[in-house]
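**Q** As annotated in Swiss-Prot:
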TRANSMEM  10-30  transmembrane segment
TRANSMEM  50-70  transmembrane segment
TRANSMEM  102-122  transmembrane segment
TRANSMEM  142-162  transmembrane segment
TRANSMEM  172-192  transmembrane segment
TRANSMEM  215-235  transmembrane segment
TRANSMEM  250-270  transmembrane segment
TRANSMEM  284-304  transmembrane segment
TRANSMEM  340-360  transmembrane segment
TRANSMEM  369-389  transmembrane segment
TRANSMEM  397-417  transmembrane segment
TRANSMEM  422-442  transmembrane segment
Amino acid sequence: MASPDKKSSLAALTLAAVGIVYGDIGTSPLYTMKEVFSKEHGLALTPENLLGVVSLIVWGLIIIVSLKYVTLVLRANNRGEGGIMALMALALSSVTRNSRWYFPLLVMGLFGATLFYGDSVITPAISVLSAIEGLSVATETFDPYVVPLTVAVLVGLYSVQARGTAGIGKWFGPIMVVWFATLAVMGVVNIIDAPEILYALNPWHALHFLDGNRFLAFIALGAVVLAFTGAEALYADMGHFGAKPIRMAWFLVAFPALALNYLGQGALLLMHPDAVTNPFYQQLGAWSIYPLVALSTMAAIIASQATISGTFSMTKQAIALGFLPRMKIEFTSASQIGQIYIPAVNWLQMAVVVMAVVGFGSSSDLAAAYGIAVTATMLVTTILTFFVIRYRWKYNLLLCLASTGFFLVIDLSLFSANMLKLFHGGWFPLLLGTILFTLMLTWKRGRELVFENLQKHAIPLEDFLASLFISPPTRVPGTAIFLRGESDGVPHAMLHNLSHNKVLHERVVFLTVRMMEVPYVPTTDQVRIHLLGDDCYQMDVTYGFKNVPDIPAALELAKDQGLEFEMMETSFFIARQTVVANPVRGMALWREHIFVAMSRHARGAADYYQIPSNRVIELGTKVEI
């Protein structure tokens, strides 16, 4: 029997998961039904079509969310961590670097990750915009103010990110529970008035709708998918809450409320087809509009906050895995290490979100842009999951195809339907994704070229030390720590120091930081020290992509291996690389110029590794790529 403490902890995590994980999918009822029957799609609002659409949505929630994500994908975790970056790292570790699948998996996973950024721009825009559009249902007087109010809410949201969400975050769960309870109650009220909508629970109506409408049904799928936006968040947030609380939050709270509300909106439209302009806000009558606008705006802000936090987390992982340059990362909570803030990402994302709101102008126009990013990410997740099941878990090929093939067909159908919107807004997330994909691949390849250049000119460290101590230089008091990459040979900073100062500290440590394709490396495994002789040491510090790099903390860990450091007697020598584009070799020249610009604006190693600035000596070196 579970102890009371474990039960209360599970309940608290489940409540928190309701607030963070299900904000995006929880706000989908604001706009999904409205979009399916919009005039642009040409789908007639008949009882038969209505039953078919509601059946598609309910069974989509069962198949895509309950079966695919909650049952299957949550099992494919990278040491407890989820998200497409973690899944990509897991899939890549399932095959060898020489495998024909390695590069395609890298490209696919990376593009899926960049589409998440496109999704993270549209989610705040469409969620807040559709919530505030409820004012227009009450009176057309508010029409000119919808976009300005949306922009004001979003600017306010991004402006407070630096303060963190630790204080208000505890209210996210209770507010979203109220939101889901409201969805359920509204649904039940309308189902009671038109119980025939319950026929939609029979999947025959979904299949009959697809068969009877063919092309129109295919177009409608592009809007039906809006009901499943945010499904990826179940997987992405697994590391914060664990699989069990996420499953409980889905089956006990989110899924029943969503299913009831979609059935309720269907019941409303059976009775009042004219409510199709905005069925969500007309479920309880005119008296409820203003309270619903207030509650839905809070829910939309929470959904947006979860997406913004997810963007920060994804960026931190991308930096650690070598796909983005180092950036300034601030920790906004003393107790929760996952609470981070990245200023550059925050303000850039805010600018793009505001542009999207002003440029598209309505949730209907934004909805066209939404589906492509979501369905493409779903598709990539399914493919990566197949490789994990097949090559890491070593399951039988037929079993792997059976477990993912069905979902692959559904994902391809939804993605194909959304590709019809390519010229009606779908280009927007694809453009964002393509730009970020190019930047990430360019940075990754650029770092490889820098590494190859340094390795080509590297002097083997042990040979150099052996020759150096034949006629040793003057030793001065203190400890010198030289940062060096893997297989770099003698650090350039050391060569410069010996060349100009002609001295060597009495103790010399060569420090190499390694990033592993796992979320976390425990502190007991982070530091390894090798004696090189003559008071010289090689110190290897290993982190996972969700660990916080902290060299002073690593030096404290070195005490357990007999190496103690006094910070005021320790100097860190770091080579500051100036990268120069070379038209003869490497990447295309335009990519080299992009890489050079990214290198110039990258955060310094000292800041990134939290090394005290007053203990750092930087020495310049030029590298051609």
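These residue numbers are counts, starting from 1, taken along the chain as shown.
Placed from the backbone N, Cα and C atoms, the Cβ positions cover glycine too.
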**Q** What parts of the chain pack near the transmembrane segment (284-304), using Cβ distances under 8 Å and only residues at least 6 beyond its ends?
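**A** Answer is 19-20, 23-24, 26-27, 30, 123-124, 127-128, 130-132, 134-135, 137-138, 153-154, 157, 172, 175-176, 178-179, 182, 186, 189, 230.
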**Q** Between the transmembrane segment (215-235) and the transmembrane segment (369-389), are there three or more CB pairs that fall under 8 A, provided the residues in each pair are separated by 6 or more in sequence?
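**A** In this chain the transmembrane segment (369-389) contacts the transmembrane segment (215-235) - 3 or more Cβ pairs sit under 8 Å.
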**Q** May I ask which of the stretches 10-30, 102-122, 142-162, 172-192 has the most CB pairs under 8 A with the transmembrane segment (250-270)?
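**A** Per the Cβ under 8 Å count, 172-192.
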**Q** Among 142-162, 172-192, 422-442, point out the range having the most Cβ pairs under 8 angstroms from the transmembrane segment (102-122).
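**A** Ranked by Cβ pairs under 8 Å, first place goes to 422-442.
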**Q** Top stretch among 10-30, 50-70, 142-162, 172-192, 422-442 for CB pairs under 8 A with the transmembrane segment (340-360)?
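**A** Stretch with the highest Cβ contact count: 142-162.
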**Q** Hey, does the transmembrane segment (50-70) touch the transmembrane segment (397-417), meaning at least 3 C-beta pairs closer than 8 angstroms, sequence gap 6 or more?
**A** yes
**Q** Considering only Cβ pairs under 8 Å, which range in 142-162, 172-192, 422-442 makes the most contacts with the transmembrane segment (10-30)?
**A** 172-192
**Q** Let me spell it out: take the transmembrane segment (172-192), skip the flanking residues so only those 6+ beyond its ends count, and list any with a Cβ under 8 Å from a Cβ in it.
**A** 15-20, 22-23, 26, 29, 165, 198, 253-254, 256-265, 267-268, 271, 283-284, 292, 295-296, 298-299, 302, 305
**Q** State the non-local partners of the transmembrane segment (142-162) in its own chain: residues 6+ outside its ends, Cβ under 8 Å from one of its Cβ atoms.
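**A** Long-range Cβ neighbours of the transmembrane segment (142-162): 124-125, 128-129, 132-133, 135-136, 297, 301, 304-305, 308, 330, 332, 341, 343, 346-347, 349-350, 353-354, 357-358, 361.
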